[in-house]
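Taken verbatim from Swiss-Prot:
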- 43-77: domain 'WW' (DOMAIN)
- 109-113: motif 'Nuclear localization signal' (MOTIF)
- Asn553, Pro554, Pro555, Phe556, Phe614, Glu615, His616: S-adenosyl-L-methionine binding site (BINDING)
- 669-684: motif 'Nuclear localization signal' (MOTIF)
- 670-684: compositional bias 'Low complexity' (COMPBIAS)
Amino acid sequence: MANENHGSPREEASLLSHSPGTSNQSQPCSPKPIRLVQDLPEELVHAGWEKCWSRRENRPYYFNRFTNQSLWEMPVLGQHDVISDPLGLNATPLPQDSSLVETPPAENKPRKRQLSEEQPSGNGVKKPKIEIPVTPTGQSVPSSPSIPGTPTLKMWGTSPEDKQQAALLRPTEVYWDLDIQTNAVIKHRGPSEVLPPHPEVELLRSQLILKLRQHYRELCQQREGIEPPRESFNRWMLERKVVDKGSDPLLPSNCEPVVSPSMFREIMNDIPIRLSRIKFREEAKRLLFKYAEAARRLIESRSASPDSRKVVKWNVEDTFSWLRKDHSASKEDYMDRLEHLRRQCGPHVSAAAKDSVEGICSKIYHISLEYVKRIREKHLAILKENNISEEVEAPEVEPRLVYCYPVRLAVSAPPMPSVEMHMENNVVCIRYKGEMVKVSRNYFSKLWLLYRYSCIDDSAFERFLPRVWCLLRRYQMMFGVGLYEGTGLQGSLPVHVFEALHRLFGVSFECFASPLNCYFRQYCSAFPDTDGYFGSRGPCLDFAPLSGSFEANPPFCEELMDAMVSHFERLLESSPEPLSFIVFIPEWREPPTPALTRMEQSRFKRHQLILPAFEHEYRSGSQHICKKEEMHYKAVHNTAVLFLQNDPGFAKWAPTPERLQELSAAYRQSGRSHSSGSSSSSSSEAKDRDSGREQGPSREPHPT
C-alpha cells in the first residue's frame, strides 16, 4: 500500500508546509493521522508499531514509527526487526511453495505486469524454491514514487523553506523506472567486508587521486615527451580493479602483474607521437614530418642496438628527402608514406621505449599502493575513535535462493559529520569542508528514492546527505574533472531502449551502472560501499545470478570486457534456470577486441545485431549534471548487440525477428528530440564533441 501516514503525491504541498517551528495560522495544517486505542501486543509496541485510522480509506492501518512502514493487516510476530536484526538472520522463515516464487509482504500490492511473467517459460525445467530476502523488505517500498512528510525532511538539516524542500523531491523529467521489480535470483549471501564510506576518508582519497593523476601526467611528459593518452588513467583504474585483491574500492594495491597491460599499451600507441585523425592534405604532410622527427629524436636519446638506429635513421632521412622533392602529393600519398614509415620504424621505436614505459606503469602502481595505506590508516582511525571494530564475525549464511537485494556492509557505519546543502537554480550543491559536488534536482530526487528503497540503517535520513556527498565525490574522482572526461565510460542506453528491453526480453537488471545513470533500481556498480545504500548489488564480476534477464553495457576497457565474457559464460554454463545477457559493446575491428571475438564464437550466442555509427545514441555519463541538450550524443562507432542465453533463457526470451524489429525501432526514437526539441545534432561541432566524449582506448591508430 502507499504510505498512508504520509499521504499521496497530490497532498505533498500541504503536508510539507506543516512542520514544527515553521507553521503559522495562515498556513493550512495537514491532517494528522488519528491514533486509535492501542490494543497491540507489547512486542509490537516495543518494535515501533501503532494502530492508526485512515480517513481516506475509512479503516484502520498499522504504522511503524521506526521504519515508516505502513500495513493494512496487523504485523506478524516473528518477522525480523531491521533495527535489532538488519540482516534478518533470526527471522522466522516464511512458508514456501516449491513451485512458486513468493512475493514479499511489502510487494503484495498492484504493480506493473511484466512480459517476462506473462510469457510461458517454454521449457520443462522445474522452478526452484526461491525465498524473498528479508533484508530489503524491512522497509515498505511504495509501488510509485511518493513524497515523504516534513519530519523526515527536517532531519536532513536542509533549507527551512518548505516549498523548496518539496521541489527537491519532485522531478520535472524522469529518465528511469524504479517501479520495475527484479527477476534476478541469487544464492543468499553474507554482508560485504568493505569499510563504510565517510566524508573525511573520501576527501583524503580524492586529494590523493588528484595527486596521482598529476604524477602520471608529469611522468609521460618528462620521460616520453607526450601528453597522457586520453582516458588512459581512467581505463587503468578499471583494468586494475579486474585483478586487484586490495582493500581500497578505487585505487589498486594488490595486482599481478604490476605493469598494467592497458596503460602500457595506450602509452606505447602514442609513441613517438599521437596520430590524430586528419581531414586535409596539409595536415597529413605536417603529421608525417612530426612522426619522422619524433622517431629520430627518440632513437638517438635511448639505448638501442646499432641495427635499430641504422634502420630508423635511414627511413627518416628517406622520408625527409621525399618530402623535399615531391610537392604534388595528395593527402592519400602522405598517409601511405606515414603508414610505411610506421611499419619500418615502429618495432624499433617500441623496443627502445619499452623499459621507460614499463617504468611509468610500475611507478604509478607503487605510488597508488602507498596512497592506499594512508587511506586505510585514516579509515581505521575514524572507526577506532567511535569504538567500531573492523573485525566482524561473519554470520552463517543459509544456502537458499532469494531475489537479489542491495549490498549490505558488515562493519557498522560511524557517525557522520555535518554536510551543507544549497540550491543554485535547478542544481543541488552539497559541500563538505569547502569541497563541493553538484547534482541536478531531478537526479537528487532519484538518489532520495533509491536511498529510501535500499537503505536499512538510516530510516531518519540523518546520513543521507553525507553519503550522497561521498557518492558524487567518488565518481567525480574516478573519471576526472576535465570537460567531458570519463563521460563515455559512464554512458548508458536511451530510455526508449530500456523500455523495449524490459517489454520484449524481460530485462530488469543492469550489469554495469551506477546510482546516477541506472534505469532500474536493481543494478551492479563499481563501488559496493558508497552505492549499496542506493540499491547496488555490488560489482558485476562478483555477482552470480542463477536466473534472470540482464542488460550489460560495460565501460569500454578491453580487459574488463574480456573478464565480463568469461564471467557470463561461467554463469550460463552452470545454471539450469532461464538466464539471458544482452550485451552492448563497440564493434572494434581493427584489430578486433578479444571480448567481441569470443562472444561471436560463443555457443551461447543466439543473435547479433549491429547498430551503425551516428545512427544511434547513448545517454551521457554526466547526465546527472549536464545540460538538457547534452543529455544524449551520437555514437561515433558501430555498436554490437549480442544475445547470450542458455537453453531455458532462449526459450523464454528468444530474440525473434519481431522482437528485434521492435528493439531497432526503439533506437530510431531520438532521445535528443525527447529531451530538447530545439537542439540540433547534425552540425560538425556536435559531432566533434560527441567524438571527444566517446573516445575509445588508444588502439592501433588509423588517422584517415
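Positions of Cβ are set from backbone N, Cα and C atoms, glycine also.
Shown on the structure are the features that Swiss-Prot records.
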residue : record                               : Cβ within 10 Å
Asn553  : S-adenosyl-L-methionine binding site : 21
Pro554  : S-adenosyl-L-methionine binding site : 20
Pro555  : S-adenosyl-L-methionine binding site : 21
Phe556  : S-adenosyl-L-methionine binding site : 22
Phe614  : S-adenosyl-L-methionine binding site : 14
Glu615  : S-adenosyl-L-methionine binding site : 12
His616  : S-adenosyl-L-methionine binding site : 21
Return the average pLDDT for the domain 'WW' (43-77) as a whole number.
79
